[in-house]
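Okay, so here's the structure we're looking at.
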């Protein structure tokens, strides 16, 4: 009889993805870089040249150190490998404005590429620790993150270290999936000590670890109030608390006498509501409406008279002269300045309001985790916590959309009903990053790479995600509307590029210089907010979707 060969399980490796992406990243070394490049160069200089206690006081340059201590230690570590010819190029000079050449550019670009190896390693661990039946899905998720357009645009052209930082966050996600709760808490604490933007995810981590690891609700039976002491697994609480406290002690301990100064650097509340380029969130729509109303009222005064009959001050300016005075005196958000934004027509927004809105929607996201601390619920809660902070937060950067896309990538494979929201979020989110690369030389790379990624992975996710288990296929809005929105992104991007190219030639186009950024912000915010609505509906009202398969 012929020997029957056992079918070997498929091997899913990210090695080929790393090699191919490495070649592209090396080609991008001499490309455009943003002011963030000099920011990190200055941080290299500060951590290399100054004593540790002076790191958060140094202000020769406007690019002061404003990341948590672990990232400062990371910059110090990188500075130890700066070659002598790069030092002589000005890489480690503490100056007001950096003066450097190609040696510094090459060195810093290579540090980003080298540090991103951790991302590929963590994603490979995610694949290898998945069940054999889930390896294909895990591979799609891991590869989509590994070659994400977001990391290419933000890290390898614009210049940051997000791939390395998100690797640590993903390590905590992988630990949670494998029920390694102490490692989950440890890696999240480390990530938080590297970049404080991860603080937005703290509510979902706190509730998840509390419910899954610390509280003993499964076997708990209430007979008297004395029994409440047994609801807590005290040993687990001590171990988890020790891990978290020890991590923060290592990070912040050397700065114990300078914590007030450090905190003022980490949380500069003097910044305005919106960034120079409006992040595509709720406040982008709010700002756009204010801008349109201002133009309409000034161009067509009768519309103001009509509106003032139904709306009275302070909800609307008392007169057209007041509108003109506000336009002349304040930054109305259309100048591309990073400072306090004052709305001309609509009521002003204060930090307290943005905090309350963010907190409200984050609380709604974490409550279900108290009753069902499954990995699927955890990922849904993390995605919605990220969305709440992105949509309603104060001074949100467009790059923060990665805080939403990454956890959603781990969630979407669980059910095809999530795919419409995911496609909306990723397409709008990645396109919203295009203004970061405003030079014409980068137009083809950012558009072609992003569109190819979208086509490949939208089909891959559709093929590998689980089919809906409920009888009624409740999909947010209509899949066709999602496709229409996504296809309209293509002409929007090309028309804006044409306007930018012709803007210097025609005076009429120069009068609408900020129109391109406004269209990007407004249209992408519509897609992201729609994705939030869709995911929120499924998260709160489609119970069969969240039935745990663990």
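Using the three backbone atoms N, Cα and C, a Cβ is placed for every residue, glycine included.
The feature topological domain 'Lumenal' is assigned by Swiss-Prot to 1-11 (among others), with sequence analysis given as support.
Long-range Cβ contacts of the transmembrane segment (12-32) within its own chain (Cβ-Cβ under 8 Å, at least 6 residues beyond either end) map to 102, 105-106, 109-110, 113, 117, 120, 123-124, 127, 135-136, 138-139, 142-143, 146-147, 152, 156-157, 437, 439, 441-442, 445. Per Swiss-Prot, the feature transmembrane segment maps to 12-32 (among others).
Taken from Swiss-Prot, the feature topological domain 'Cytoplasmic' applies to 33-109 (among others), supported by sequence analysis.
The transmembrane segment feature in Swiss-Prot is assigned to 110-130 (among others); the stated evidence is sequence analysis.
Under 8 Å from some Cβ of the topological domain 'Lumenal' (131-150) lie the Cβ atoms of residues 9-10, 12, 14, 17-18, 21, 119-120, 123-124, 162, 166, 170, 399, 401-402, 405-406, 409-410, 412-413, 429-430, 433, 446, 449-450, 453, 457, 460-461, 464-465, all in the same chain and six or more residues away from its ends. Look at Swiss-Prot and you will find 131-150 (among others) tagged as topological domain 'Lumenal'.
The transmembrane segment annotation in Swiss-Prot covers 151-171 (among others) and is backed by sequence analysis.
The annotation topological domain 'Cytoplasmic' is assigned in Swiss-Prot to 172-189 (among others) on the grounds of sequence analysis. Per DSSP, the topological domain 'Cytoplasmic' (172-189) is made up of 15 helix, 0 strand, 3 coil.
Per Swiss-Prot, the feature transmembrane segment maps to 190-210 (among others).
What Swiss-Prot lists as topological domain 'Lumenal' is 211-236 (among others).
The transmembrane segment annotation in Swiss-Prot covers 237-257 (among others) and rests on sequence analysis.
For 258-277 (among others), the entry in Swiss-Prot reads topological domain 'Cytoplasmic'.
Residues or ranges marked as transmembrane segment by Swiss-Prot on the basis of sequence analysis: 278-298 (among others).
Marked as topological domain 'Lumenal' by Swiss-Prot: 299-352 (among others).
Distant neighbours of the transmembrane segment (353-373): 200, 203-204, 206-208, 211-212, 273, 283, 380-381, 384-385, 387-389, 391-394, 539-540, 546, 548; these residues of the same chain sit at least 6 beyond its ends, with a Cβ under 8 Å from one of its Cβ atoms. Annotation comment: Swiss-Prot describes 353-373 (among others) as transmembrane segment, evidence class sequence analysis.
Residues 173, 176-177, 200-201, 203-205, 207-208, 279, 281-283, 354, 357-358, 360-362, 364-366, 368, 400-401, 403-404, 407-408, 410-411, 414, 528-529, 531-532, 535-536, 539, 546, 548-550 of the same chain lie 6+ residues outside the topological domain 'Cytoplasmic' (374-392) yet bring a C-beta within less than 8 angstroms of a C-beta in it. Annotation source Swiss-Prot lists topological domain 'Cytoplasmic' at 374-392 (among others).
Long-range neighbours of the transmembrane segment (393-413) within the same chain, counting only residues 6 or more positions beyond its ends whose Cβ lies under 8 Å from a Cβ of the stretch, are 137-138, 140-141, 144-145, 148, 150-151, 154, 160, 162, 166, 169-170, 173, 177, 197-198, 200-201, 269, 271-275, 277, 279-281, 283, 351, 354-355, 358, 376, 379-380, 382-383, 386-387, 419, 421-422, 425-426, 429-430, 432-433, 435-436, 461, 464-466, 528, 535. Positions annotated as transmembrane segment by Swiss-Prot, on the basis of sequence analysis: 393-413 (among others).
Sequence-distant contacts of the topological domain 'Cytoplasmic' (497-513), counting only residues of its own chain at least 6 positions beyond either end whose CB sits under 8 Å from a CB of the stretch, comprise 438, 440, 443. Of the candidate ranges 418-438, 441-461, 476-496, 418-438 has the most C-beta pairs within less than 8 angstroms of the transmembrane segment (514-534).
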